[in-house]
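Heads up: the structure comes next, in structure tokens.
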Amino acid sequence: MSTSGPRAFSSRFASFIDKVRWSLLQQQKSNMDNMFESYINNLRDVDEAYMNKVELESRLEGLTDEINFLRQIHEEEIRSLDMDSIIAEVRHGDDLRRLALDIEIATYRK
């Protein structure tokens, strides 16, 4: 019986060690599952952030194009207004010269 005692103890101890190993493996698997799930969620967040970045860059490009277009139109309108102002000044100057000439002619006719 003395041999069966140590063998039985050894067998029970080996069984206990196997159970502990199995429990540790299950915990590791559970921890890895959580880790992979967290990793996948992080990848989804990164993907969403990248898609938002692409959308914002596209909107920025469109707004920049619109600003450049409006700036060009504004500059053309300013040039046109400047030309209109110059033309008005020339016409006003011509009108004043004609008026002065008419006054001078009227003065000589008297």
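Glycine is treated like the rest: Cβ placed from N, Cα and C.
Copied over from Swiss-Prot, here are the features:
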DOMAIN    1-110  domain 'IF rod'
MOD_RES   S2  phosphoserine
MOD_RES   S4  phosphoserine
MOD_RES   S10  phosphoserine
MOD_RES   S11  phosphoserine
MOD_RES   R12  omega-N-methylarginine
CROSSLNK  K29  SUMO2 cross-link
MOD_RES   K53  N6-acetyllysine
MOD_RES   S80  phosphoserine
MOD_RES   S85  phosphoserine
REGION    88-99  region 'Necessary for interaction with PNN'
CROSSLNK  K110  SUMO2 cross-link
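Within the set of recorded positions S4, K29, K53, S80, S85, the entry lying nearest in space to S11 (phosphoserine) is S4 (CA atoms). Per DSSP, the secondary structure of the region 'Necessary for interaction with PNN' (88-99) breaks down as 12 helix, 0 strand, 0 coil. Across the domain 'IF rod' (1-110), DSSP assigns 106 helix, 0 strand, 4 coil.
Checked against S80 (phosphoserine) by C-alpha proximity, the recorded positions S4, S10, R12, K29, K53 yield K53 as the nearest. Regional average pLDDT for the region 'Necessary for interaction with PNN' (88-99) in the model is 75. The Cβ neighbour count for S4 (phosphoserine), using a 10 Å radius and every protein chain shown, is 9. Rounded to a whole number, the C-alpha distance linking K53 (N6-acetyllysine) with K29 (SUMO2 cross-link) is 36 angstrom.
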